[in-house]
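Per TrEMBL, domain 'HTH lysR-type' is recorded for 2-59.
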Amino acid sequence: MFDPETLRTFISVAETGSFSKAAERLCKTTATISYRIKLLEENTGVGLFFRTTRSVSLTAAGSHLLSQAKDWLAWLDSMPDELRQVNDGVERQVNIVVNNLLYSPQAVASLLSWLNARYPFTQFHFSRQIYMGVWDSLLYEGFSLAIGVTGTEPLANTFMLDPLGSVQWRFVMSADHRQYPTALISSADHPLAHVSGPLTEAQLRRFPAINIEDSARTLTKRVAWRLPGQKEIIVPDMETKIAAHLAGVGIGFVPQPLCQTLIDKNELVSCTIPTMRPPSPLSLAWHKFGGAIRSGPYLINLAEAKR
């Protein structure tokens, strides 16, 4: 009843308001167009057009059909490509979780553009998680792929990992001072910013630690840097954390790529502390089994793209 040619004919008549104009558009005879519409009305049991000697117009039923017909036709036209994608081993729904340390709206938009161009019929869902919350999403919440799980070893033997490198944490005393592999950041106007030499725990404890809480729901949460007895302020994301440091609210660790420009502009100053924070290794992680995407070309392409 609603085959592609019939739907195309109906839409053309509805849009042109004329059997003859629809015939010209579709390179058919007017008699063919008239017959298809008559057969469609007979099969549905309702009149779809009001007819006059000069034009045709939609009935209420015809208007309702038109509101659906374009979507149906688009779906039918795309189905062969969708079936080929499924046959090639690509899932219809892919959930991707990104570590907060790596998350960038611009980078995610660029990745989505890349993915959508290659897999136009896949539905993508992105989530942003913190620390063990990335593993949590992969283990328990149906996510197919994780960008930035902590470590280089899988938490279960059902996962494959591909190292992405390490997040470096740095500290500097001033914009031109020697850089080290970790950083404790405070505002340039913060009292600690003008202290020379390594800061003591007693000095640090006087100021709040600005932290982002681990978003794990099932796994054990990791505890962020904070000294015993020190006030802690929890913020929802890295953008708020950096803004809090800029406002002089408190102190805390920030990844070097996110703070170096601010340090160079003297908006943030880093301070030496007794306990250094080592680089944080992160990995791309995905399930070995359980879905077509694991054995299809999708993940291979993504792994190549991130290099």
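Each residue, glycine too, has its Cβ placed from N, Cα and C.
Averaged across the domain 'HTH lysR-type' (2-59), pLDDT for the predicted model comes to 91. According to DSSP, the domain 'HTH lysR-type' (2-59) comprises 36 helix, 6 strand, 16 coil.
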